[in-house]
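> Annotations per TrEMBL:
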{"type": "ACT_SITE", "residues": "His142", "note": "active site, proton acceptor"}
{"type": "BINDING", "residues": "Asp135, Glu208, Glu210, Asp242", "note": "Ca(2+) binding site"}
{"type": "BINDING", "residues": "Tyr137, Arg151, Gln249, Tyr253, Thr358", "note": "substrate binding site"}
{"type": "BINDING", "residues": "Asp242, Lys262, Ser266", "note": "Mg(2+) binding site"}
{"type": "DOMAIN", "residues": "25-127", "note": "domain 'Fumarylacetoacetase N-terminal'"}
{"type": "DOMAIN", "residues": "134-402", "note": "domain 'Fumarylacetoacetase-like C-terminal'"}
Amino acid sequence: MPLIANNPNRKSWLNVPKDSDFPIQNIPFGVFITKDDVVTIGTRIGDNAIDLGALQQLNYFEGIELTDDMFMQDTLNDFISDGKKTWRLVRNRIAELFDINNAKLKDNEAHREVVIFNIEDVEMQLPVLIGDYTDFYSSKEHATNVGMMFRDPENALLPNWLHLPVGYHGRSSTIVPSGIPVHRPLGQTLPNGESKPVFGPSKLVDFELEMAFITTDANVMGETIPVEEAEEHIFGLVLFNDWSARDIQKWEYVPLGPFLAKNFASSMSPWIVTLDALEPFRTKGPEQDPQPMEYLQQQGEHAFDIKLQVAIEPEDSEETIVSNSNFKYMYWSMSQQLAHHTINGCRINSGDLMGSGTISGPTPDSFGSMLELSWGGKNPVKLNDGSERKFINDGDTVIMRGHCENDTIRIGFGEVCSKLLPPFIKHK
Ligand code: CA
């Protein structure tokens with residue numbers, strides 16, 4: 001199935017602002033509510049939200065085998081279940097429909113009116129019903145930095161880290177789309193130098209700069225996914241802010257790992273950019289030494305060159321960019337993560353979400369969390385308004401952005417942006 005949707009020379013009859021993350025070569029998938037309160041699956045070109053349910057009703061997907069209500073649903077799970085062949089046929093058809101040389105929809109004003117909305121006039125939803133959420137820990141720089149601070153600078157990486165993609169099972173119930181504010185969590189912490197824990201609001205709320213991939217139904221229980229087939233089961237990627245409470249984490253994580261410090265909120269960008277759209281931005285990942293075991297060995301390029309950025313915007317003030325990282329720094333590839341995840345026969349479903357783990361680069365300005373940027377609070381980060389941050393303050397908005405670019409195109413994710421609110425208080 002050729003990826004004609006990726007043709008870098010194609011132009012759309014829809015306006016695409018310069019430096020937009022959403023040229024006609026992107027064609028991401030999401031779910032939105034229109035002004036008339038209709039929930040639909042959609043895509044985006046420039047600042048236009050396109051209603052795929054309306055397009056399907058108007059027969060623009062004729063010839064592609066789809067169930068009648070495929071795009072009139074409130075999640076992408078069924079579409080993702082249909083598999084890569086269907087994703088490609090649909091992206092290719094959308095590319096053709098909005099091609100500058102195709103007048104079919106362009107010249108039909110009545111159809112355009114029910115299909116195309118201004119992005120400002122729709123409300124983005126969570127694009128998939130996330131059954132299971134797994135979070136990896138696959139940036140060597142991040143794992144090393146955290147190991148140095150939490151444990152032992154001499155032996156920062158634990159002995160298993162270079163042999164397998166370390167991960168844990170999170171919760172999907174508190175994953176929210178961009179724009180939804182998040183409350184500072186309450187919990188137990190052990191103050192420095194004390195022997196008894198105390199209870200109260202976390203004092204060390206942090207972001208984690210991550211990307212996450214969304215899977216299709218990849219296997220049956222007991223079946224493993226070979227590393228070289230893993231990408232067939234990856235629908236696409238989103239930006240992911242995996243909010244964390246470092247003081248709660250430090251006290252609770254022994255011996256079973258992350259729990260309440262991690263599951264109070266994770267925020268994701270609303271448009272799933274397909275792995276197909278990212279094809280031109282493949283690159284080689286870091287050299288792996290020692291060589292991984294056979295079931296994790298892979299040939300070719302399986303990392304993706306995605307520039308990532310984090311900004312903090314205090315209440316009533318301008319934003320400050322605090323980190324510039326890149327998805328290509330990940331030591332373990334998504335294919336290796338998925339192959340490892342299923343090596344024991346664990347079942348993967350359509351709409352499962354796999355977080356990369358915090359993506360830190362090699363230099364201090366590319367670290368993916370405040371824990372690392374302020375080095376455990378020792379070196380506060382200066383913001384443009386003159387204030388300083390060791391961690392995130394109430395009222396701060398954390399914004400993450402990501403895009404790929406080469407000489408001809410730019411494919412982006414938009415942003416995931418969420419504000420930290422004071423602890424939740426139930427009004428009586
Ligand atoms: Ca995480």
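In case you wondered, yes, glycine gets a Cβ from its N, Cα and C as well.
Worth saying up front: this structure is predicted, and the values here are computed from it rather than measured.
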> Using DSSP, what's the helix, strand and coil tally for the domain 'Fumarylacetoacetase N-terminal' (25-127)?
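Counts, helix then strand then coil: 35 helix, 22 strand, 46 coil.
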> Can you tell me which of Asp135, Tyr137, His142, Arg151, Glu208, Asp242, our recorded positions, come within under 6 Å of ligand 1 at the Cβ?
Asp135, Glu208, Asp242
> Taking Cα atoms as reference points, rank the recorded positions Asp135, His142, Lys262 by distance from Thr358 (substrate binding site) and give the first.
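In terms of Cα distance, Thr358 (substrate binding site) lies closest to His142.
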> Among the binding-site residues Glu208, Lys262, Ser266, report those whose Cα falls within 10 Å of that of Gln249 (substrate binding site); none is a fine answer.
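So far as Cα distances go, the binding-site residues lying within 10 Å of Gln249 (substrate binding site) are Lys262.
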> Would you give the longest CA-CA distance, in whole angstrom, between residues of Tyr137, Arg151, Gln249, Tyr253, Thr358, the set recorded as binding substrate?
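Result: 18 Å between the two most distant Cα atoms.
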> Under a three-state reading of DSSP, tell me whether Lys262 (Mg(2+) binding site) is helix, strand or coil.
coil
> Measuring Cα to Cα, how many Å separate Tyr253 (substrate binding site) from Glu208 (Ca(2+) binding site)?
17
> By the count of other Cβ atoms within 10 Å, pick out the sparsest of the recorded positions His142, Arg151.
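Lowest Cβ count within 10 Å among the recorded positions (His142, Arg151) is Arg151.
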> Between the binding-site residues Gln249, Ser266, Thr358, where is the Cβ count within 10 Å the lowest?
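Result for the binding-site residues Gln249, Ser266, Thr358: minimum number of other Cβ atoms within 10 Å at Gln249.
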> To the nearest Å, how far is the Cα of Arg151 (substrate binding site) from the Cα of Ser266 (Mg(2+) binding site)?
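Their Cα atoms are separated by 25 Å.
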> Provide, as an integer number of angstrom, the distance between the C-alpha atoms of Asp242 (Ca(2+) binding site) and Tyr137 (substrate binding site).
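That comes out at 12 Å between the alpha carbons.
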> Give me the count of other Cβ atoms within 10 A of the Cβ belonging to Glu208 (Ca(2+) binding site).
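Taking every protein chain into account, the count is 26.
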> In angstrom units, rounded to an integer, how far apart are the Cα atoms of Tyr137 (substrate binding site) and Lys262 (Mg(2+) binding site)?
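That comes out at 13 Å between the alpha carbons.
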